[in-house]
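Peer 1: Pulled the feature table from Swiss-Prot, pasting it below:
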type	residues	note
BINDING	60, 63, 66, 109	[4Fe-4S] cluster 1 binding site
BINDING	70, 99, 102, 105	[4Fe-4S] cluster 2 binding site
DOMAIN	50-80	domain '4Fe-4S ferredoxin-type 1'
DOMAIN	90-119	domain '4Fe-4S ferredoxin-type 2'
């Protein structure tokens, strides 16, 4: 080893120590999560929930559109029917170990029953615990759309009224009257 190589090596070490010393007092980029809350954008897509309508009933009508729209196939459900003809999911299951939180299920839902919330704390120790059933997904409130009630808008919630007499619903069109 020559003297020149020793001086170059020594200079490299001094430069490295100098840079470490400069960065030791710089502002830290790492956030200490539990103590310091993380900013989430307004449209952040996190945990999926099933909401209820303002009357307290489930919004989901088991139309299966969310399961069809899901690109990874992590949603499964089975339709059942009540005495008054309303559909509801007998079981509703989401496998969060497969979910990519794309939000296509929320867009496909005609009743706004399935919604993505900003909750992201879903860590589990076993994969089996990431399979959520309907009881785990249902929340007590209406979520993002507090006044929306699918059956009231569709004309099925009010007993004794015909189609076209619900809120914000146009009267049925008599197709024969349009003929020449």
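Each Cβ is built from the backbone N, Cα and C atoms, and glycine gets one as well.
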Peer 1: Spatially, and counting Cα to Cα, which of the binding-site residues is closest to residue 60 ([4Fe-4S] cluster 1 binding site)? Options: 70, 99, 102, 105.
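Peer 2: If we rank 70, 99, 102, 105 by Cα distance to residue 60 ([4Fe-4S] cluster 1 binding site), first place goes to 105.
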Peer 1: Using a 10 angstroms cut-off on Cβ to Cβ distances, just flag whichever of 63, 66, 70, 105, 109 is the loneliest among these binding-site residues.
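Peer 2: Per-residue Cβ counts within 10 Å for the binding-site residues 63, 66, 70, 105, 109 bottom out at 63.
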Peer 1: What mean pLDDT does the predicted model reach across the domain '4Fe-4S ferredoxin-type 2' (90-119)?
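Peer 2: Here the predicted model's pLDDT, averaged over the domain '4Fe-4S ferredoxin-type 2' (90-119), is 94.
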Peer 1: Sort the residues of the domain '4Fe-4S ferredoxin-type 2' (90-119) into helix, strand and coil with DSSP and give the three counts.
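Peer 2: The counts are 5 helix, 9 strand, 16 coil.
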Peer 1: Of 70, 99, 102, which is closest to residue 109 ([4Fe-4S] cluster 1 binding site) if I measure between C-alpha atoms? They're all binding-site residues.
Peer 2: 70
Peer 1: Select the most exposed residue of 60, 99, 102, where exposure means the fewest other Cβ atoms within 10 Å, treating these as the binding-site residues.
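Peer 2: Comparing Cβ neighbours within 10 Å for the binding-site residues 60, 99, 102, 102 has the fewest.
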Peer 1: Between residue 70 ([4Fe-4S] cluster 2 binding site) and residue 63 ([4Fe-4S] cluster 1 binding site), what C-alpha distance do you get in Å?
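Peer 2: A Cα-Cα distance of 14 Å.
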Peer 1: Give the distance between the Cα atoms of residue 66 ([4Fe-4S] cluster 1 binding site) and residue 105 ([4Fe-4S] cluster 2 binding site), rounded to the nearest whole Å.
Peer 2: 4
Peer 1: Rounded to the nearest Å, what's the C-alpha distance separating residue 105 ([4Fe-4S] cluster 2 binding site) and residue 63 ([4Fe-4S] cluster 1 binding site)? Just drop the number here, would you?
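Peer 2: It is 12 Å, counting Cα to Cα.
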